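Peer 1: Pasting a structure below so you can have a look.
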Amino acid sequence: MSVHGAMQEKRLSLKNEALLKRAGYAMAGLRTAWRSEKAFRQQMLSSIAILALTAAVGPGAVWWALIVMALCGAAATELMNAGLESLCDRVHPEFHPMIGAAKDLASAAVFTMNTGLTVVLLLMLGSRFL
Ligand SMILES: Nc1ncnc2c1ncn2[C@@H]1O[C@H](COP(=O)(O)OP(=O)(O)OP(=O)(O)O)[C@@H](O)[C@H]1O
């Protein structure tokens with residue numbers, strides 16, 4: 001193998017290693033959220049219920065894609081909200097209006113994503129039954 005080829009192979013293996021490491025951090029984040037965040041556990045349980053409802057309704061692939069994207073978006077926003085809350089509580093545990101505003105903004109992001117999810121769900125049900 002040429003030097004160039006060997007270098008490329010090494011770069012690829014380092015990249016894969018980094019990918020595995022990042023996946024490991026992500027799994028650790030999911031475990032932390034499941035253990036310490038009631039809202040995340042509720043989100044996961046309601047996601048399972050929504051997936052079961054979608055399977056029962058049996059919509060087309062596009063509806064499935066919309067539902068799965070909305071569920072992932074809602075879960076991801078909940079995770080970001082939990083991360084921001086724990087950062088705020090660690091860095092600035094005392095009361096401060098800007099900490100309050102930061103937490104309120106993160107809560108608003110969760111609310112917005114959940115509203116989008118509800119709309120997609122209602123439209124999917126409406127398209128099937130109305
Ligand atoms: N340090 C603070 N300074 C100012 N306002 C705060 C502070 N901590 C919390 N708040 C206010 O209280 C609200 C709720 O904050 P809290 O940290 O209890 O979040 P939560 O959504 O109830 O999450 P959890 O139940 O996971 O702790 C915030 O959105 C904010 O308005």
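For all residues, glycine too, the Cβ spot is worked out from N, Cα and C.
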Peer 1: Of the candidates Glu9, Glu85, which one does TrEMBL list alongside Tyr25, Glu37, Glu94, Phe95, His96, Lys103, Asp104 as binding ATP?
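Peer 2: Of the residues offered, the record points to Glu85.
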Peer 1: Could you state the CA-to-CA distance between His96 (ATP binding site) and Ser107 (substrate binding site) to the nearest Å?
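Peer 2: Cα of His96 (ATP binding site) to Cα of Ser107 (substrate binding site) measures 17 Å after rounding.
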Peer 1: Whose Cβ, among the recorded positions Glu37, Glu78, Glu85, Glu94, Asp104, has more other Cβ atoms within 10 Å than any of the rest?
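Peer 2: Per the Cβ count, the most surrounded site is Glu78.
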Peer 1: Fewest other CB within 10 angstroms, which one of the binding-site residues Tyr25, Trp34, Phe95?
Peer 2: Phe95
